[in-house]
Number of protein chains: 2
Amino acid sequence: MNIHYPNGRKFMNQLSTSQTVKARKDPTYSNRGMTLEEDLNETNEFYLLNNIAVIHKKPTPVQIVEVNYPKRSAAVIKEAYFKQASTTDYNGVYKGKYIDFEAKETKNSTSFPLQNFHEHQIQHMEKVIQQDGICFVILRFSSTEEMFLLEAKQLLSYWERMKVGGRKSITKEELLSTAHPISLGFRPRIDYIKKIDCLYNL
Amino acid sequence: MNIHYPNGRKFMNQLSTSQTVKARKDPTYSNRGMTLEEDLNETNEFYLLNNIAVIHKKPTPVQIVEVNYPKRSAAVIKEAYFKQASTTDYNGVYKGKYIDFEAKETKNSTSFPLQNFHEHQIQHMEKVIQQDGICFVILRFSSTEEMFLLEAKQLLSYWERMKVGGRKSITKEELLSTAHPISLGFRPRIDYIKKIDCLYNL
């Protein structure tokens, strides 16, 4: 299971003993690259403010076990656990059409591991395609900052290949021929709607 | 702010002193009415299993402050707070179209209080309408089990009326003339997709 901080940054489990960690508050990103999620949040905000599209990241699903209600202040969740999401992380609407996607990064440089996705998400994508929703993934190679928009139907074919014993990743070459490169921009940072507009003649 | 248990049931703040409450685990609903949320979850599951539509409730947004990573077991959230949602609770896809709605119950019998909605949700509905999404609310009078599907554009007009000093609720008569009644069924419990299908000629 992937554990995420509230800002969606993945938790790297290198702690060997029980330890309590305070979640970071709004770090500044001035001197380093932003994560894919940060870039996408900025992009979605840009789309929202400029009436281009309404796309939101879904909240991290949490199983709440214990809540404390102190006198005269807000309820405090005292025990809760991260749950695995049953859908993709992002969805919304563009020109009346349903938009649905997942975004993943890898540190690999020559191929994108399929283990970044889990069975539930793949099943969700199949369902969305059945309902004629627009469904895709955004893949980023963090070492080179290369980014691709891969339509879900293509991802499903790579997933199928893996299930019948084939390779557990998508090679860069395969992405170059079956996915659509996206270059990092300024505003918006990741203009995936522009790609979707072209691909689907919207 | 509305506080919800993980199952979405609204927390009724009648505790006067600091108190810790364990969230209920799966009660049985045999001998009493189900909440609107429970009925909608069942409905959405029915739609999903029967390939009718893909609609999910969004997870409750939570601001995580402190996480404990015990040795050899799952991460435990030790401090977190409920956040106000910036969107509606339900969205998804039906025949390629974006579907977006909110569901609310009242104990009143003659009118539906507008305070059940908050400004953020109203703004979100405006944005969705601008993008040609299908947006509505499902309103239930819990005392009589009467239910209505009210299109968001209608809700917005009642909201506007309130903002210019008009009444703070929608009367039952107004709903009878501007909304669409939904009767409680067996499977699915609340067949809102059928209404949408008729209303939008899908």
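From the backbone N, Cα and C atoms, a Cβ is placed for every residue, glycine too.
Positions annotated as Mg(2+) binding site by TrEMBL: B:THR87, B:ASP89, B:GLU102, B:GLN121. Within 10 Å of the Cβ of B:THR87 (Mg(2+) binding site) there are 22 other Cβ atoms, across all protein chains.
The site 'Transition state stabilizer' annotation in TrEMBL covers B:LYS104. Here the Cβ of B:LYS104 (site 'Transition state stabilizer') has 19 other Cβ atoms within 10 Å, regardless of which shown protein chain they belong to.
The most densely surrounded of the binding-site residues B:ASP89, B:GLU102 is B:GLU102 (count of other Cβ atoms within 10 A of its Cβ).
Candidate recorded positions B:ASP89, B:GLU102, B:LYS104, B:GLN121 yield none lying near chain A, with Cβ-Cβ distance under 8 angstroms. Just so you know, the Cβ of B:GLN121 (Mg(2+) binding site) picks up 22 other Cβ atoms within 10 Å once every protein chain is counted. Excluding the listed site residues B:THR87, B:ASP89, B:GLU102, B:GLN121, the same chain places B:LYS58, B:ALA85, B:THR88, B:TYR90, B:ASP100, B:PHE101, B:HIS124, B:MET125 with Cβ atoms within 8 Å of the centre of the Mg(2+) site Cβ atoms.
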